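*Asks:* To start, I am sharing the structure in question, which I have written as structure tokens.
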Amino acid sequence: MARNEVPRPLPSQNSGLDISEASTIAPVSDASPAQYLEDIGKDQASRDSGDESQSRIDLGEKALEKEVNENANATYSDMLASPKKPFSVRVRALFGSGGNLQPFRLLRQDVHNIRRRYLSDWTTFNQLVFASAVYVFFTNILPGITFASDLYVLTGMTWGTIEVVFSTGLCGVIFSIFSIQPLTILGVTGPFSVLAENIYSLSQDSFHIQFLPFMAWSLIHSCWMHWLLAIFNAHDWTMLYVTDFSADIFSLLNSVIYFHKAIQELQRNHAAVSFASFLYSVIGCVGTFLVAVFLSSAQSWKPLFHRYIRMGLSEYAAAISIILFIGLPNIGELATLDKQTLTVQTSFRPTSPDRTVFFVRFWELPIEWIFLSIIPGAIITVLFYFDHEISSIICTASRYNIKKPTGYAWDIMLLGATTAICGILGIPPANGLLPQAPLHSESLLHIPKHTKGKKRDDLNVDEKSPTESEVENKEVPQTVYEQRFSSFLQAGGILLFLSPPFQHVLGLTPTSVLAGLFLFMGEQSLAVNPILFRFFYMLTPPSELPPLPKGVKSYWPIHGYTALQIIMTGIIFYVTLTVVAPAFPVIIILLVPARLLLMNRIWDRETLRFVDAWACRPGTPEDTEDEKLALESGTGKKNDDAAYGGGGVLDV
């Protein structure tokens, strides 16, 4: 069972809640019994066939993962305890062989993993992969154009639609070809738009210097900072200590931002068009949202229609809804209504009338401003690093049953390079997107062919486990198609819309449709966030709540934990609306040590073990503390499940 025999909260049969959705964002801590037995079977088959070399590779990889997790747990234990070793000894241990700061340790491992998976990433293509590419295309380009509208106003017409589309497509193609994890989707984000607005205001109003050279140097500085983080294995000493507490708050914040963007689009419509047109904009927004939600549930319409029809409606739900409500305003009397559409360009050239090419003469910035640009570069690095890592972690959550090796250091190195390229070209940089990255994984879920038709009994699932017996009785676990075509096709399609004819087609999209898409994306992300399901527990009568595991005495501490997450999300969202908006990534980062060092003084250990876990490795902080106490007491007892590393995103 996940998390050392301590299950997550499960909804009662009368509550109508599906915990299979509740745990989608928060990675499950270790492998399912079925997956564990399947892995054992694969190892046995390998031995029986005489493939001893492959068996040695598999065992070596598991040993490496075990060592990584043990090193992380040991480091966290050292953080909790007062230092006992001399400073020089601790420094040598950190930078020496196997140390957390040993240069290039994770990069070497990532390069090895890319070589193992790269060719197979280009051998999988089918209709589901194509449908996923279409879905991600719409959920990426249209919100990006909305952020372009904001940037056009907030950066004094320096950045517009063409720059955002160029950046999204270029960075997407680069990552689809060269990254280690192609499930991650890149694009220009709302949080960066907030930062860009403040950097523009500072450069124009306070510093009285040109915005683009200053931004270019900020992004160049961010590049080498990303490289340092990758070289010195930042994932091991940062993200390995991130728990679901912070990741779920960040995911909820993105949902709230998308809901807020939808409201902003309707407000702009109200100010720009007649009241009758505004009412239709509301209808178009709500209609786009409801039709997309309705069609996305087509798989459950059985016995209506053939299963391939239901599958097609479900996979192309967002695309069908968008195309439908783009066409409706041009039919009949609706065609006479004045309406707002996306602002696009008619030629491939920068938005600013002062620019003719996509290139910034960044070397002409005075030296003092080059050094000062390190500060915004550091802020951008914090935002991009955390945003991209969380996106990668969530889109490879263990509910997606990722089989191929993955990694983080190589992608951070690549992210630094694309960030500098964007700065030199004078376009906004792109990074990992929420909720597009996990939505990409969701759209690729399927039942593996070798398990179709098998029942749970055939998979030797432990029926005593609440996580297996009380969850909705699906036939077999699903997995995703791990390939590069879907990300490559959606990014290539976005680049195609740089051409004037496709820009014209894009300009036919009403902004009300965009608002509806924002609602749909926010809902899709929120629907799989555990915070939502624990919030439902707060509204559920006590008699209808599922039983708690041993050690957790009441739901009230769980409700308090959930309320804190919601309040923190509200505070961070409020900060994004104020003049101190550039500091909001720092608040998110501070949640990590706050969870590890402060929250155990408010909530008991069993409650924290129940509602939280490490975001990208097995176990919980409480498990690690138990190991430390056991070792100090001389028992030498260790959590074998946590040390093994089964079921986490580090598994390969």
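Quick reminder: no glycine exception, Cβ is built from N, Cα and C everywhere.
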*Asks:* With TrEMBL as the source, which of 239-259, 596-616 is set down as transmembrane segment?
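*Replies:* Residues 239-259 are the ones TrEMBL records as transmembrane segment.
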*Asks:* Among 407-427, 575-595, indicate the range for which TrEMBL gives the feature transmembrane segment.
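*Replies:* In TrEMBL, the transmembrane segment feature sits at 407-427.
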*Asks:* Using a Cβ-Cβ cut-off of under 8 Å, list the residues of the same chain that are 6+ residues beyond the ends of the transmembrane segment (214-232) and lie near it.
*Replies:* 101, 103-104, 106-107, 196, 199-200, 203, 207, 360, 362, 365, 369-370, 373-374, 376-378, 380-381, 384-385, 409-410, 412-413, 415-417, 419-420, 422-424, 426, 429
*Asks:* Six or more residues out from either end of the transmembrane segment (271-296), which same-chain residues have a Cβ under 8 Å from its Cβ atoms?
*Replies:* 262, 265, 313-314, 316-318, 320-322, 324-325, 328-329, 334, 337-340, 510-513, 515-517, 519-520, 523-524
*Asks:* Under 8 Å, at least 3 Cβ pairs, sequence separation 6 or more: does that hold for the transmembrane segment (407-427) versus the transmembrane segment (125-145)?
*Replies:* no
*Asks:* I need to check the long-range neighbours of the transmembrane segment (513-537): which residues 6 or more away from its ends have a CB within less than 8 Å of a CB in the stretch?
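*Replies:* For the transmembrane segment (513-537), the list is 8-9, 11, 15, 17, 19, 21-26, 138-139, 142-143, 145-146, 244, 248-249, 251-252, 254-259, 261-263, 265-266, 281, 284-289, 292-293, 296, 318, 321-322, 325-326, 342, 434-436, 438-439, 442, 545, 555, 558-559, 561-562, 565-566, 569, 611.
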